[in-house]
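Features as listed in TrEMBL:
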type	residues	note
TRANSMEM	6-22	transmembrane segment
TRANSMEM	43-64	transmembrane segment
TRANSMEM	84-104	transmembrane segment
COILED	107-212	coiled coil
Amino acid sequence: MQQVLFVVIFSEMVLIMVLLFKTPLRKLVIMGIDRVKRGRGPVVVKTVAGTMSVVLGSSVYSVLNIQKRWIDEGLVNPTDQVLMAKHLLEATLMGASLFLALMIDRLHHYIRELRILRKSMEAVKKQTRSLEDGKAAGSSEEIKVLEEEVTTLLEKSKKLEKEIETKKKEVNVAEVSAVALRKQSEGFLLEYDRLLEENQNLRSSLQSLDWRASRSKSKKNT
């Protein structure tokens, strides 16, 4: 078991080194991984990874049981030491092999993504070059059209600035007239108050005169 795990780990390390550097072997490795990922390959890989994870969990569980036995008994048994070392080594090797397998999967995925991106970038570059070549002939006409549009926009902006200035003047005049009307209304209110006071004074004086006249008449009658 341990020899097999060592062989698996070293082979995975070799595959990772091949994938990291651009060599002719990398294409062959990528093609082989592509074939493995097709058909029943993913199912087989998942089953192998699942069994390895189960064995890894059992090894960790046995290591924990041995440690618990040591703590409970307080004695270290040579057979337990050998078993613990064996389980630890197997768990380490299986964990390393699973981790390296995950690294190989991710490296393969990223290499494929980079290839797709490079192809798309090359296609975009070709399209841009063709568009630039096609636009080179009609660029002068487009520049003229753009210049005409710029001139029309400048004229429109000048007209708008003039209209804004006239509107500002009208607003200022309206504000001045509003202030004048406010002052005039205040003067009218003051004049109205003054007239009310005079009216009240006149009424009070007329009432006093009426009272005097009625009093003088009553005296004459007596």
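Indices start at 1 and increase along the chain as displayed.
Positions of Cβ are set from backbone N, Cα and C atoms, glycine also.
Note on the transmembrane segment (84-104): residues 1-2, 5-6, 8-9, 12-13, 15-16, 19, 33, 45, 49, 52-53, 55-56, 59-60, 62-63, 66-67 of its chain, located 6 or more positions outside it, place their CB under 8 angstroms from a CB of the stretch.
Same-chain residues lying 6+ beyond the ends of the transmembrane segment (43-64) with a Cβ under 8 Å from its Cβ atoms: 36, 83-84, 87-88, 90-91, 94-95, 97-98, 101. Predicted-model confidence for the coiled coil (107-212) is 79, expressed as mean pLDDT.
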